[in-house]
Amino acid sequence: MQGVLLALVPMFAWGSIGFVANKFGGDAKQQTLGMTLGAFVFALIVFLFRMPTLTWQIFLIGFIGGLLWAIGQFGQFNSMKYMGVSVASPLSSGSQLVIGGLIGVFAFHEWTKQIQFILGFIAMAVLVVGFYFSAKRDPENAVVEEGRNYTKGLTALTYSTLGYVIYVILFNNLAVLWFNVHFDTLTIILPMSVGMIFGALVMGRFKIKMEKYVYQNMIVGAMWGVGNIFMLMAASAAGNAIAFSFSQLGVIVSTIGGILFLGEKKTKKELVYVGIGIVLFVTGAILLAIVKSKG
């Protein structure tokens with residue numbers, strides 16, 4: 001029970017990032033930089049309390065991972081601007097699960113048992129259908145919101161997903177294969193946050209207006225850090241499968257938050273579509289967690 005309660009923290013912390021950042025305001029460049037600065041402050045505090053040993057390999061992996069993460073987060077913030085948080089969030093999370101899962105299976109042979117392949121591919125099919133419903137619009141009475149551009153949103157979502165997936169592969173697979181380096185979240189978080197700041201500056205082409213939005217979004221970076229700490233604690237208390245499952249449920253928080261707190265408009269049909277999409281997404285994520293537990 002304790003592990004489940006701990007897992008609820010990253011669910012709400014990470015799930016709230018999209019709509020909290022958009023509530024604070026600013027463009028994607030300001031949101032990303034603010035978030036990374038907040039993450040750096042959080043990581044520095046953790047480092048000073050824990051004082052882990054940092055080798056050059058760990059620092060390099062963390063820095064590159066942070067750079068890739070920043071690309072992913074910048075793209076995600078942009079996709080939210082163009083499609084809305086309630087649409088972009090499930091599409092982003094789901095695409096990461098599917099593409100990351102497929103690469104893990106075919107490139108790194110993470111599934112070895114027949115039951116893993118059966119449940120895994122069912123999960124991915126469920127996720128794909130969930131994508132469809134999450135983005136589906138009411139053909140008879142579509143709500144037109146100013147600033148929406150699904151083409152630009154999907155483009156941003158594409159490079160966002162690539163950034164996130166490569167970052168996860170680097171940490172989970174390539175760090176061991178290339179450098180034979182093992183690390184935990186509390187050790188890697190500081191060098192990663194340095195890479196995150198550099199990545200945010202690169203994505204902003206070093207031309208980011210240091211307005212109030214940047215400083216407000218530092219709170220979002222702290223939320224990200226808190227989610228990481230509790231994710232680690234939940235995995236220790238309840239196992240990786242439970243922690244992973246609950247972390248993916250954050251999509252419920254972000255979707256509902258986008259509608260309730262950002263006033264994203266939906267017709268009754270679209271609300272039904274979103275509900276179906278969420279149920280399918282959660283089902284697919286839980287199935288993938290079961291697949292992980294079978295390994």
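Cβ from N, Cα, C; glycine included.
Copied over from Swiss-Prot, here are the features:
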TRANSMEM  4-26  transmembrane segment
TRANSMEM  33-50  transmembrane segment
TRANSMEM  54-72  transmembrane segment
TRANSMEM  85-107  transmembrane segment
TRANSMEM  117-135  transmembrane segment
TRANSMEM  156-178  transmembrane segment
TRANSMEM  188-206  transmembrane segment
TRANSMEM  213-235  transmembrane segment
TRANSMEM  241-263  transmembrane segment
TRANSMEM  270-291  transmembrane segment
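Counted over residue pairs separated by six or more positions, the transmembrane segment (117-135) shares at least 3 Cβ pairs under 8 angstroms with the transmembrane segment (85-107), which defines the two as touching. Annotation: stretch 241-263 has the most Cβ pairs under 8 Å to the transmembrane segment (85-107), among 33-50, 54-72, 188-206, 213-235, 241-263. The highest tally of CB pairs under 8 A with the transmembrane segment (241-263), across 54-72, 188-206, 213-235, 270-291, is held by 270-291.
Sequence-distant contacts of the transmembrane segment (213-235) (same chain, six or more residues past either end, CB-CB distance under 8 Å): 3-4, 6-7, 9-10, 13-14, 16-17, 20-21, 24-27, 30-31, 33-43, 46, 184-186, 189, 242-244, 246-247. If one looks beyond the transmembrane segment (54-72) by at least 6 residues along the same chain, the residues whose Cβ comes under 8 Å of a Cβ in the stretch are 32, 36, 159-164, 166-167, 170-171, 175, 179, 181, 183, 187-200, 202-203.
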